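Novice: Before I ask anything, let me first share the structure, which is written out below as structure tokens.
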Amino acid sequence: MLFNYLRKPNPTNLLTSPDSFRYFEYGMFCMGWHTPATHKIIYYITSCLIFAWCAVYLPIGIIISFKTDINTFTPNELLTVMQLFFNSVGMPFKVLFFNLYISGFYKAKKLLSEMDKRCTTLKERVEVHQGVVRCNKAYLIYQFIYTAYTISTFLSAALSGKLPWRIYNPFVDFRESRSSFWKAALNETALMLFAVTQTLMSDIYPLLYGLILRVHLKLLRLRVESLCTDSGKSDAENEQDLIKCIKDHNLIIDYAAAIRPAVTRTIFVQFLLIGICLGLSMINLLFFADIWTGLATVAYINGLMVQTFPFCFVCDLLKKDCELLVSAIFHSNWINSSRSYKSSLRYFLKNAQKSIAFTAGSIFPISTGSNIKVAKLAFSVVTFVNQLNIADRLTKN
């Protein structure tokens, strides 16, 4: 069933942490990122064709269209094509980074399975289930936002009698006839659905990583808070519980290390692009867009915002979760514990003080503050265009 991984908790059939990526893996298979056990050759050929269509033909087609048709572009069409061009250039790099470090994805899933083994109580397993459902809901929300942009742009162009993205097509001249126009428009829309889905896949996985990581950090904190609270346990048993918590924390650190290479590079590319693309979109929306194009542009801006902001916000929450874990360790019931227990606790406390953090391209931290600073570039672009009256000049020309 399509929505089976959004179901409510059932004590006899709960989801596990690796199920957080279930819909994402469906998308991986459709985009050629996940090789099946059978028909590998056909799958490889199809994967190469999809990648070439989306990552090679799309930016080249836009460049050719610029050279051949730029004199016929309206300002609205020009800005739409420019914002698409920048994203089409960044998309292959994001896809490449994920696939270069795809071993980290599979390692992260194995580590999540190991973390699940520590979830022995029904309450913990239900907490994991709810976290998995949140991840799968996030994927479907992203899918809706990105698809809404593609469909709304197609509809706005169709209602205006213009091509949605003006991508060069060597086989169909959209000016010849009405049927040629629709062939070119449908070809562009099909291309964009694949390209947008590739972009979606490379944008959503950092968020999925972060959401399920927060669940296991919370469960670890709750286990730490319950240390030495059972009067029926001996000092040796309490120390074993502490050692298990230390091992859980090591699994979490290993998980963060496994996902870090792909995440940092992907977010770095997104930070480079978001300011420019958001600025072009705002110029288009404020100065040139009609009602239909405006709706499509708003959908595009929504897509730009969810590229980075949710994961940046989750990174801030992860930092807070790490601080809460340190506080839980320090305030746990250790005063009357054995010397050996206290020694292990100090070791745990020292390691836990190193927050789980990610940096974009190993240059600046991934956080809400960094995201806002990058997004400010968009307002700088709009101010620059407004002060130089570039919008008026484009309209007159």
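Glycine residues also receive a Cβ, built from the backbone N, Cα and C atoms like all the rest.
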Novice: Tell me if ASP173 and ALA352 end up on the same side of the membrane in Swiss-Prot.
Specialist: no
Novice: Please spell out the DSSP helix, strand and coil residue counts for the topological domain 'Cytoplasmic' (315-354).
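Specialist: So the topological domain 'Cytoplasmic' (315-354) is made up of 30 helix, 0 strand, 10 coil.
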Novice: Over all shown protein chains, what is the count of other CB atoms within 10 A of the CB belonging to ASN187 (N-linked glycosylation site)?
Specialist: 16
Novice: According to DSSP, which kind of secondary structure is ASN187 (N-linked glycosylation site) found in, if we only use helix, strand and coil?
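Specialist: Its secondary structure by DSSP: helix.
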Novice: Counting only residues 6 or more past its boundaries, what in the same chain has a CB within less than 8 Å of a CB in the topological domain 'Cytoplasmic' (315-354)?
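Specialist: Those are 210, 213-214, 217-218, 220-221, 224-225, 227-229, 235, 238-239, 242-243, 245-246, 249, 253, 365-368, in sequence order.
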